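Only one structure is covered here, and it is reproduced in the block below.
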Amino acid sequence: MYQPDFPPVPFRLGLYPVVDSVQWIERLLDAGVRTLQLRIKDRRDEEVEADVVAAIALGRRYNARLFINDYWRLAIKHQAYGVHLGQEDLQATDLNAIRAAGLRLGVSTHDDMEIDVALAARPSYIALGHVFPTQTKQMPSAPQGLEQLARHVERLADYPTVAIGGISLARAPAVIATGVGSIAVISAITQAADWRLATAQLLEIAGVGDE
């Protein structure tokens, strides 16, 4: 039963690019993307605040679902659509403050135990990864593969889910076929020879998400 402690999100979030700059946020919104995440790593709040403010403003202008990775205090301060947290960030974050501010919450998971932890927090959506090997970040866990992803999606049947990790344009149809509601991509767009074409093709496969 999908009864999150945070505001709900659509069951299908569709194509969900994760990018590290306001420039990419603006490009992708202009290309028709409506779910996306600003993920800037390892900088102090004051160093990223201007980018967070600009990204949130763009998200509002395009009526998009913009999640801020990790910088939950800034997300609350500037009223982002939502926050995305890794497992390691859950303990150090004031979830009550995020809830009280009316922000949506997404949580990363890598196995059944982490799914249990995520479910206990009753977030707005649960991310499942990493599906395939990925060069974007060092991962302590092994890739899950499509079979494991499908099992997790079935377990979380009522929950909005996001698949992430090594999802290329070629692999995207098989990932969507598991029933997952969204695919998060990074290098499939940012390292594509033609990012506009890649984005259009991925939108064709994953959609823009439900309203």
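Every residue gets a Cβ built from N, Cα and C, even glycine.
What Swiss-Prot lists as 4-amino-2-methyl-5-(diphosphooxymethyl)pyrimidine binding site is Gln37, Leu38, Arg39, Ile40, Lys41, Asn69, Ser108, Lys137. Taken from Swiss-Prot, the feature Mg(2+) binding site applies to Asp70, Asp89.
Feature map: Swiss-Prot annotations on the structure.
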residue	record	DSSP (3 states)
Gln37	4-amino-2-methyl-5-(diphosphooxymethyl)pyrimidine binding site	strand
Asn69	4-amino-2-methyl-5-(diphosphooxymethyl)pyrimidine binding site	strand
Asp89	Mg(2+) binding site	helix
Ser108	4-amino-2-methyl-5-(diphosphooxymethyl)pyrimidine binding site	strand
Rounded to a whole number of Å, the separation of the Cα atoms of Ser108 (4-amino-2-methyl-5-(diphosphooxymethyl)pyrimidine binding site) and Asp89 (Mg(2+) binding site) comes to 10
Sparsest Cβ surroundings (other CB atoms within 10 Å) among the binding-site residues Asp70, Asp89:
Asp89
With the cut-off set at 10 Å between Cβ atoms, which of these binding-site residues ends up with the most neighbours? Options: Arg39, Lys41.
Arg39
Can you tell me how far the Cα of Gln37 (4-amino-2-methyl-5-(diphosphooxymethyl)pyrimidine binding site) sits from the Cα of Asp70 (Mg(2+) binding site), in Å?
10
At a 10 Å cut-off from the C-beta of Leu38 (4-amino-2-methyl-5-(diphosphooxymethyl)pyrimidine binding site), count the other C-beta atoms across all protein chains.
28
For Asn69 (4-amino-2-methyl-5-(diphosphooxymethyl)pyrimidine binding site), which residues of its chain lie six or more apart in sequence with Cβ-Cβ distance below 8 Å?
Val18, Gln37, Leu38, Arg39, Ile40, Val83, His84, Leu85
Run through the Cβ atoms and count how many others sit within 10 Å of the one on Gln37 (4-amino-2-methyl-5-(diphosphooxymethyl)pyrimidine binding site).
25
Excluding its own, the Cβ atoms lying within 10 Å of the Cβ of Ser108 (4-amino-2-methyl-5-(diphosphooxymethyl)pyrimidine binding site) add up to 23
